[in-house]
Amino acid sequence: MELLIKNVNIVDSSKAFCGDVYINNGKIEDIGILNRDCEVLDGEGLYLLPSFVDLHAHFREPGYEYKEDILSGSMAAVKGGYTAVNLMGNTNPPCSYMDIVDYVLDRARRIGLVDIHQTVTITKDMLGKDIDHLKLIDERVKFISDDGKGIVNNKVMLLAMQVAKEKGITVISHAEDEEISKIDTRLSENLMTKRDIELAKFTGCSLHIAHVSTKEAMEEIATAKDKGLKITCEVTPHHIFGTSSLNYKVNPPLREREDIEALIRAIKRGYVDAIATDHAPHTKEDKEKGAMGISGIEVAFPICFTKLVLEGHITLNRLIKIMSENPARIMGLYKGKIEVGYDGDLVLVDLKKNYKIDPSSFLSKGKNNPFDGYEVYGRVVSTIKAGKVLFRGD
Ligand code: DOR
Ligand code: ZN
C-alpha cells in the first residue's frame, strides 16, 4: 500500500512546512518534494498532522453494545482523526480477565480500523476489593484502571500499585471517593488526586491521572511533577470547553471558569501530558436516567483547536504534542510524529472550515454531547492509517 500526500502543510510537534509525504508498507518512508507513481492525495490548502491517539475511551463491549460497540466506536474514532485508542474496562462483565482482553483485541483486529489497547480493571469486577486477578494479566496489558469509579480503599490501591510496579504497567487513576462525591465532588477529586500521588511516591509505580478537572488537583499534579515525580495526566476537551452552567451530567463534573483557566495554564506550561476524550456514549434513555458522560471523540480536535489554538493559548505544534505525540509515547506506539520510520498514521484537516457541532450526525451510537450548535473550526478531511485512507469527509 503506497500513498503520496502532496502540497500539504506538514505539522507535528517540532515542524511546520509545506511539502509531500510518502507512505509505503504502513510507514512514513520519505518527506520532501516528491514524485511517486502511486495513489496521490492532494493536500492543497490543508494541514497534515500525525493522527490523534486517545488514552481514554469507552467502546462498551462486551455488554453495553446498545450504547456503543467496537465497530461504531472505531468509526467514530476515525471520523475524529484518531487511529489508536485505549479502552476502559467498565464493561459488562468488567474487563478483569485476559479472555475479555482477547475478545476485544480480536474484534478490533477483525474490524481493522483503529489500533486498540484494552485496559484491565484494578479490582476484580470493579468491586473495589480483590486484586488477585492482576497476577493473570500478560504483557499485552499496559494499563489498569477502575475508571468510572474511584478505588476508595487506600490499602487496595497501594497493593495494586505495588503489583503494577512489579509488572511495569501504569495505573490510571479515576480520582474519586464516591461517598465524598455525594457531599462535594471537588473535594472528592482533590483528595483522591493527592492520595494517589502519595501512593505513587511510596510505591514507585507509574501513575496516570485521568480527566483532571479542578484547579486544585492540577496544582497538586504540577507540584508533584516539579519535584520530579514521574506521573502523567490528561485533560478532556469538555473540561476546557464547558462549565457547570451547562448542567450536563459527566464525571468528573464540568467545573467553573477559574478551573478552565487553570487547566489551560497547565497545558501552556507543559504540565498536561495529553488530551484524552473520555468518550462515553450513552443512549437518550440512559442519559435521562442520569448516566454520566459525553460522546466526544468525533469533535475533540475541533474543540481543542478552537479553544486552545484559535484563542491563542498554544500553538498547533503544541496541540499535536498533547493529542498525538505524548499519548502515543505513553501507550508505547511508534506514532505521533511525521518522521521517516514512524507509522503512516496521519490526519488531513481543514483548519479554516467552520461549522456547528451536530451530535445527530455522529457515527457513534451515543449522541450525548452538550455542545450541540457550538461553532468550531478544524474539520477532519481524511484519516489515514498505515497509508490507507480510512475516512474521507467533505
Ligand atoms: O462521565 C463519565 N462517564 N465518567 C466516567 O468516569 C465514566 C464514563 C462512563 O463510562 O460512562
Ligand atoms: Zn473516569
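Every residue gets a Cβ built from N, Cα and C, even glycine.
The shown structure was predicted, so the numbers you read here are calculated from the model rather than taken from an experiment.
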Site co-member for Zn(2+) 2 according to TrEMBL, given Asp147, His211, out of His133, His174, His238: His174
Zn(2+) 1 binding, same site as His56, His58, Asp147 - TrEMBL member from Asp273, Asp278, Asp286, Asp343: Asp278
Binding-site residues near His211 (Zn(2+) 2 binding site) (Cα-Cα within 10 Å), from Arg60, Asn90, Asn251, Asp278: Asn251, Asp278
Listed binding-site residues adjacent to ligand 2, that is, members of His56, His58, Arg60, Asp147, His282 whose C-beta is under 6 A away: Asp147
Chain-mates of His56, His58, Asp147, Asp278 with C-beta within 8 Å of site centroid, Zn(2+) 1: Ala57, Met88, Gly148, Ala210, His211, Ala276, Thr277, His279, Ala280
Residue from His56, His58, His174 whose C-alpha is spatially nearest that of His282 (substrate binding site), among the binding-site residues: His58
